[in-house]
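Enquirer: What follows is a single structure, and I will ask about it in a moment.
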Amino acid sequence: MTSHAANPKEEQDQRLPFKSDISGPIAPSQAPAHTVQAHDSQPKPSDDSSDEHLSFYEAKARIVRAFAASRAPQPAAPAAKALEGDASVIVPGKLILSSCEVEESSELLTKLGVTHILQVGEELKPSHPGRFTYLSLPILDMEGQDIVALLPSCFQFLQQAQASGGVCLVHCLAGISRSASVVIAYLMWTQGMPYTEARAMVRRARSKVYPNTGFTLQLQELDRLRESGAIQWGDTPSLASSLEQHRQPWNLIRYLEVKEKQAQEEGWTWGRTLVI
């Protein structure tokens, strides 16, 4: 997706009856030293075999999960030279954003000096588990998914990479929504940037960046809480604690429901303004 204009599909999704329940933050489980695998606390589609009982959210989640499960590893990654343009340098010598194809090319990873790889996607698995340090976090590219809950783990991993003098590659499937949202949030946290400035910086390096509507709203709300002082950035443990203390309805539908209720109670108009 390369357009920066509002996406009609996403606008339509906001009007449809999603159904979503979000649990607490995802905590990494015990895993081999080279790979940290997190538990999936995102909402699961119903096991009800009758499609007529599925909400829109459940039906969409079922399709997305089926696609994720069916994605087989590529028999051979494209040539490193052909992929160089897909490796977007966000912070020189520290942070790179890309699609999954860059991660599949050990030749290009070595050329880029990559030492750590942050995978943001349920369908993604390490291609070179013995050669690079991985953190793999399961999340779907859906508006109702809670990406804020992943941020403390992501930030800690990125800090560890930089403290060791390494270069971290952050990627999802296409390097457009999930991984881009994490990188934008990381710049907000480390550089003290507002959301719009961090997003603009990432887009200058990678013009195709386009977080889905739910992730955008979550990051905007996170920025608002940061500016108000409700959330203290601090170190990652402080951030995780602060996020838990000021728990928000991070997913899109609960966010809209809460804001509309607040508008009704306080007598102001909630226009669902979204900067994209």
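Heads up, the Cβ atoms here are built off N, Cα and C, so glycines get one too.
Below are the features listed in Swiss-Prot for this protein:
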type	residues	note
ACT_SITE	CYS172	active site, phosphocysteine intermediate
COMPBIAS	7-18	compositional bias 'Basic and acidic residues'
COMPBIAS	41-52	compositional bias 'Basic and acidic residues'
DOMAIN	86-228	domain 'Tyrosine-protein phosphatase'
REGION	1-52	region 'Disordered'
REGION	89-276	region 'Catalytic'
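Where in this structure would I find these features, and how exposed are they?
Expert: In the three-state DSSP reading, CYS172 (active site, phosphocysteine intermediate) counts as coil.
Break the domain 'Tyrosine-protein phosphatase' (86-228) down by DSSP state and the numbers are 69 helix, 25 strand, 49 coil.
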Enquirer: Report the same-chain neighbours of CYS172 (active site, phosphocysteine intermediate): residues 6+ apart in sequence with Cβ closer than 8 Å to its Cβ, ordered by sequence.
Expert: SER99, CYS100, GLN119, VAL120, GLY121, LEU124, ASP141, ARG178, SER179, ALA180
